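J.: In case it helps, Swiss-Prot gives these features for our protein:
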| type | residues | note |
| --- | --- | --- |
| REGION | 1-66 | region 'Disordered' |
| COMPBIAS | 46-65 | compositional bias 'Polar residues' |
| REGION | 112-194 | region 'Disordered' |
| COMPBIAS | 119-128 | compositional bias 'Pro residues' |
| COMPBIAS | 166-176 | compositional bias 'Polar residues' |
| DOMAIN | 241-526 | domain 'Helicase ATP-binding' |
| BINDING | ASP254, ASP255, GLN256, GLY257, LEU258, GLY259, LYS260, THR261 | ATP binding site |
| REGION | 293-337 | region 'Disordered' |
| REGION | 439-462 | region 'Disordered' |
| COMPBIAS | 439-451 | compositional bias 'Basic residues' |
| ZN_FING | 679-718 | zinc finger |
| REGION | 779-808 | region 'Disordered' |
| COMPBIAS | 779-798 | compositional bias 'Polar residues' |
| DOMAIN | 804-976 | domain 'Helicase C-terminal' |
Amino acid sequence: MDSAIDISSDSDVEIQETRTRPQHPPRIAEGSHRRDLSTLRPHFLSGSSSGANGHTKTGLTNLDSRNGFESKPLPRAEHHTHIPGNGSIVTSRIPNISVGDYEKFSSQQAFKRTHPPTFSRPPFPPRPDIGTSNGNASHFRGGAHDDLGMGRVTNGTRILPPSVAHGTSASPSHFNGLSDPMHRNGIGEERNSENDERLIYQAALQELNQPKSEVDLPAGLLSVPLMKHQKIALAWMFQKETNSLHCMGGILADDQGLGKTVSTIALILKQMHEAKLKSKNSGNQEAEALDLDADDESENAFEKPESKASNGSGVNGDSGIKKAKGEEASTSTRKFNRKRPAAGTLIVCPASVVRQWARELDEKVTDEAKLSVLIYHGGNRTKDPIELAKYDVVMTTYAIVSNEVPKQPLVDDDENDEKNSEKYGLASGFSINKKRKNVVGTTKKSKKKKGNNNAGDSSDPDSGTLAKVGWFRVVLDEAQTIKNHRTQVARACCGLRAKRRWCLSGTPIQNTIDDLYSYFRFLKYDPYAVYKSFCHQIKGPISRNSLQGYKKLQAVLRAIMLRRTKGTLLDGQPIINLPPKTINLSQVDFSVEERSFYVKLESDSRSQFKAYAAAGTLNQNYANILLMLLRLRQACDHPQLVKRYNSDSVGKVSEEAVKKLPKEDLVSLLSRLESSPICCVCHDPPEDPVVTLCGHIFCYQCVSDYITGDEDTCPAPRCREQLAHDVVFSKSTLRSCVADDLGCSSSEDNSHDKSVFQNGEFSSSKIKAVLDILQSLSNQGTSNSTQNGQMASSSQQPNDDDDDDDDDVTIVEKTSLKSTPSNGGPIKTIIFSQWTGMLDLVELSLIENSIEFRRLDGTMSLIARDRAVKEFSNDPDVKVMIMSLKAGNLGLNMIAACHVILLDLWWNPTTEDQAIDRAHRIGQTRPVTVTRITIKNTVEDRILALQEEKRKMVASAFGEDHGGSSATRLTVDDLKYLFMV
């Protein structure tokens, strides 16, 4: 066996073992003459140049400028290498090396990622026998038809570029990695952004239309057949993983309910099947080399061996999915990765859908192809990275990733004002100049941890198990979770080490174009993974010329994103046949008492806003302004939500613990709660606000995910204090203790407990509208009649673009509950609200009217949520599910329901769309009716208009609308509009 030779001049460790015969450098056969290889430049790199066949090609310079790409001349090569005995001069940026080393060097370094996947390839004669010495094999030989020799690979490890490794002949343009800096050369020099953009633009030109190539899995892998659009997704994803220059992975942005989960499972099975075939076909010719796809240049390559599943069952205690049997990684893998074991696929998803992923992997994969699966969740999860690396698929939550993986640093040019304005959805003119002081409870241990923030350092003692393995693939489900690149969870996800990276999201843009930067950074999509380049190349053109800027963004996205909506056509037919979805906008009116209350509240809020504007303190009071908006929105649901109704959810444990705190701490914590802060999780003014012992403010529902879950550390930035019920306090609890210490009465705080609503005060115009709908549905279910239950008509003509371009969606002016064709199942309804206080009021109304229901919100444990979903789906007597929009809009499959009611409006219409698609998705057999209940002549009218602006912005970014730019954030003008100033 030849000794290992290190030929890398940067931080790569590139090693090749030849067990059967030496590997020869690539050969270029030539009949009667030799050519200067420096002239073999791709035709698109200049205005006109000679191609491989001698014909003149017209450049794309003008097209570049029209689409916002900078058309700068490419720099010429800097080094020249003479190949003895050949007479050819190879122009290259590769440093001069000895002739003896060149043979080994050329096969590994000179061809590292040398061409984009979409280059057209002219037909060539059959490739010579691989590995056969023919003539002077140590030198290049040019010819009219060029070809390459290559070494065989094992376990899917690539030695040469993808097209070569997969047996495809290469055109002369492929060799320009030797002469052009546009290609990644493995010598530590990055590509110029202009060159990167040329490649991206070239790829976009090749993919102007939706992909149509299909790939199916071999029989016996999936228990369900792939639909046509899923076969197309599989072909596209597999191509991106094996033959992509830009990044190994991408964004699958199909609409909710189109089966992104199944497409991803198919990709996992496809790759593992291909790896097994390569292993069998390699025979005894085994050449181990650095995998050129490893995304981290400073780390050794890691390759996940083929499936290690064995007979058995269980997913971390759950039956039905096979466990790994504990095999060790291959010798070569261990040799290259003494520090970082090679693992399989990591799926990161919200806690509410972890078990749904497990069910999909169990039900959709056949017993013969069963994957070894681990749910990495719970206090008893393994701490051994070698154990973690035994599984084909590992599923975990964003909270665990945020806690275990060292965070990538913030981008360099984040100004304080910009950070806060982007964080809270405000324009860049807003700022906050308040410093947060650490109140109580910060221990020396936690301070030490906070200072230890070496991004990506797996040797960091604070790094968890997830950071101590090298993943073959990382999949972010509901990837919009990382849309804010400044959050801990986004920076932690970017710190994961992986060779392939995927973002799954039906709504990749929710607030601003900046949402995309976080995906680009995670995917390592150069040059846009650098924030300065992202701003210069994408945000700048959009701000200067929205029409051309959005066209460029579409081209940038086309290279890495596949997006289909439910209205997309394939061969003239809908991409999927779903029952129709009807969206009703029902505008009801206040009662006299409610209108009087709202008018007074709106007048006071408008006066306060004008006072801030007159004093020039809008920026400093942005939290108070958002709080005033919150109160106006809540007043549209129920006046009692504004009148400080507090369920005091923190309970007795908190009440006992707060009595033990010093008085100065009580006063400090209460002062924080009363200063109108922002929730550290959802970045909105908190509903049912609570404060932790470490001094951070949350909605009780938001922080409950951490208290009741397994990640019991504070989610606030740079804080790792432990959370429990006895360190979370509500305003009423703190006021009560402070009043007791001061000898004051706290009766004011207790004047709005639940007993108030049990005396008939829990109803409101919206709740009455909900009961009318449910009564109408109950009558339909009992009599199977075809009569329609009518509600109040809408006074607003819906906009034609008010939905997401779904061809099967009808938007009507009046809320009419059309009868659903009976298929033997009961008619069930989901009721969404943003506020748990409103869910409490709806719950009391349902109880009073003897309507069987289940509830799902963020304060419930995962087990309780799962039980509620199962009972709603399977129990025919349970007709209603009341759900928090925060907890129920992601990932859940609720096709048992065919009616959806939205009680209040969210700033982002995509969040509402996600909630609706819990019911309108694959598997639904009945028409789905959606009712959005709003109040006439209130702030909700203006929110509807702002939602429409956001829809236009998203449509412009994706090329789904030919309109121009739209406002993308809450600007000062937006706020003036909302307050009618």
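Sequential numbering from 1, following the chain as shown.
Using the three backbone atoms N, Cα and C, a Cβ is placed for every residue, glycine included.
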J.: Mind checking how the zinc finger (679-718) divides into helix, strand and coil residues in DSSP?
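T.: Counting residues per DSSP class in the zinc finger (679-718), I get 9 helix, 8 strand, 23 coil.
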J.: Sort LYS260 (ATP binding site) into helix, strand or coil using the DSSP assignment.
T.: helix
J.: Whose Cβ lies within 8 Å of the mean position of the Cβ atoms of ASP254, ASP255, GLN256, GLY257, LEU258, GLY259, LYS260, THR261, the ATP site, other than those residues?
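T.: Those within range, site residues removed, are GLY506, ARG921, ILE922.
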J.: Measure from the Cβ of LEU258 (ATP binding site) and count the other Cβ atoms within 10 Å, all protein chains considered.
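T.: Result for LEU258 (ATP binding site): 26 other Cβ atoms within 10 Å.
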J.: Quick one, of the binding-site residues GLN256, THR261, which Cβ has the fewest other Cβ within 10 Å?
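T.: Least crowded of the binding-site residues GLN256, THR261, by Cβ count within 10 Å, is THR261.
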J.: Across all chains shown, how many C-beta atoms besides its own are within 10 angstroms of the C-beta of LYS260 (ATP binding site)?
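T.: Total other Cβ atoms inside 10 Å, all chains included: 23.
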